[in-house]
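A.B. asks: Have a look at the structure that comes next, please.
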Amino acid sequence: MKFELDTTDGRARRGRLVFERGVVETPAFMPVGTYGTVKGMTPEEVQDTGAQIILGNTFHLWLRPGQEIMKLHGDLHDFMQWKGPILTDSGGFQVFSLGDIRKITEKGVHFRNPINGDAIFLDPEKSMEIQYDLGSDIVMIFDECTPYPADWDYAKRSMEMSLRWAQRSRDRFDSLGNKNALFGIIQGSVYEDLRDVSVKGLVDIGFDGYAVGGLAVGEPKEDMHRILEHVCPQLPQDKPRYLMGVGKPQDLVEGVRRGVDMFDCVMPTRNARNGHLFVSDGVVKIRNAKYKDDISPLDAECDCYTCRNYSRAYLYHLDRCNEILGARLNTIHNLRYYQRLMAGLRQAIEEGKLEHFVSEFYQRTGAAVPPITSDN
């Protein structure tokens, strides 16, 4: 993987990730394909929304279908027939989400398989091996996603262990002869001094890109913005920056303003299945009865298949009848909305008009523009 940085506007960056499997224009949003599928979508449909890279889930694909079945097909690309690049998370966040059924030690994490209850152990070395078999174009180190809230002492211990795991991940990745990209993950909760230590430690080890982890886990938005403003200026200019698990459209805008290049989140797909649809001036909750006889398109400015062909009344009808097509049409639209937003941000950076774009974005949704407060 090669990262090319074209231009900047304030802290925002316009560039691209170049892989053997294709080019990803940045800032980029990655749809989430947890089990080897973006829910309800064929790979061609996902590509048609404008997505150039997707995210796969190491933890879930390891448990089911498992490494051996994956290797029978070749790798994850062959298994799911996605032709573009794939980033896989390391399994750290999923282990964090297991709560009481997992035990974290220096060696790794012991937990119960949520599918059948079997005892399982996952460590940095195993995570690197699974992601190698998946053929991931971007591999994520194995870390502990520090929960929120966490006091300073716990956050420090967690961050320091994640740094040791980062070195172990790097060592196993290299010993496998993996020629793809490996990203480090910055931890430290909401504490700037701990984030500083994490950044320095990861940069000293050396990675192909750097992710900001441990955000979007319940902390106030102001803390997320503050940490991004503090961390991003410290990262190498020639490496991509990835904000994990984020987020709402406003979060993407604010991340880009603060220098983030990559995002992922289940929000557009999960919300689509729940009738929560993103449009140019906010949100349409299609289950609301006021859309029963609304013959207008979901979003007159959107060029997706759904908006070009169907009315709000039809989407309301499909949702009321629990028709699978409703969830699919909603998903096509939400994914296209996210890709249109990213394309708009990229163009605004190219033209040096990002803050004008941001101002218009918030004006249309009726919200105030969050300030950027750091002097970094």
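For all residues, glycine too, the Cβ spot is worked out from N, Cα and C.
On a predicted model such as this, the values are computed, not experimentally measured, just so you know.
Per Swiss-Prot, active site, proton acceptor is recorded for ASP89. Annotated active site, nucleophile per Swiss-Prot: ASP264, in sequence order. Per Swiss-Prot, substrate binding site is recorded for ASP89, SER90, GLY91, GLY92, PHE93, ASP143, GLN187, GLY214. According to Swiss-Prot, the Zn(2+) binding site annotation covers CYS302, CYS304, CYS307, HIS333, on the basis of sequence analysis. What Swiss-Prot records for 245-251, 269-273 is region 'RNA binding', and it gives sequence analysis as the kind of evidence.
Could you give the neighbours, burial and distances for every feature on this list?
C.D. replies: ASP89 (active site, proton acceptor) counts 31 other C-beta atoms within 10 Å of its own C-beta, drawing on all protein chains shown.
The 10 Å shell around the Cβ of ASP264 (active site, nucleophile) contains 22 further Cβ atoms across the protein chains shown.
GLN187 (substrate binding site) carries neither a helix nor a strand DSSP state and counts as coil. Take the CB of GLN187 (substrate binding site) and look out to 10 A: across all protein chains shown you find 32 other CB atoms.
Cβ neighbour count for CYS307 (Zn(2+) binding site) (all protein chains, 10 Å cutoff from its Cβ): 23.
Within its own chain, the region 'RNA binding' (245-251) has Cβ neighbours under 8 Å at 93, 215-217, 221, 224, 263-265, 267, 278, 337-338, 341, 362, 365, 367, counting only residues six or more beyond its boundaries.
As a whole-number mean, the pLDDT of the region 'RNA binding' (269-273) in this prediction is 99.
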A.B. asks: I'd like the number of other C-beta atoms within 10 A of the C-beta of CYS304 (Zn(2+) binding site), please.
C.D. replies: 22
A.B. asks: Can you tell me which parts of the same chain pack against the region 'RNA binding' (269-273), counting only residues 6+ beyond its ends and a CB-CB cutoff under 8 A?
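C.D. replies: Here the qualifying positions are 31-32, 38-40, 327, 330-331, 333-335.
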A.B. asks: Using DSSP, what is the helix/strand/coil residue split across the region 'RNA binding' (269-273)?
C.D. replies: 5 helix, 0 strand, 0 coil
A.B. asks: Enumerate the residues of the same chain, ASP89, SER90, GLY91, GLY92, PHE93, ASP143, GLN187, GLY214 excluded, that satisfy the criterion Cβ within 8 A of the mean position of the Cβ atoms of the recorded substrate site; list them in sequence order.
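C.D. replies: So the additional residues around the site are VAL95, PHE96, MET140, ILE141, PHE142, GLU144, CYS145, SER162, ILE185, GLY213, MET244.
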A.B. asks: Can you tell me which of the recorded positions ASP89, ASP264, CYS302, CYS304, CYS307 is spatially closest to GLN187 (substrate binding site)? Compare CA atoms only.
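C.D. replies: Sorting the recorded positions by distance from GLN187 (substrate binding site), the top entry is ASP89.
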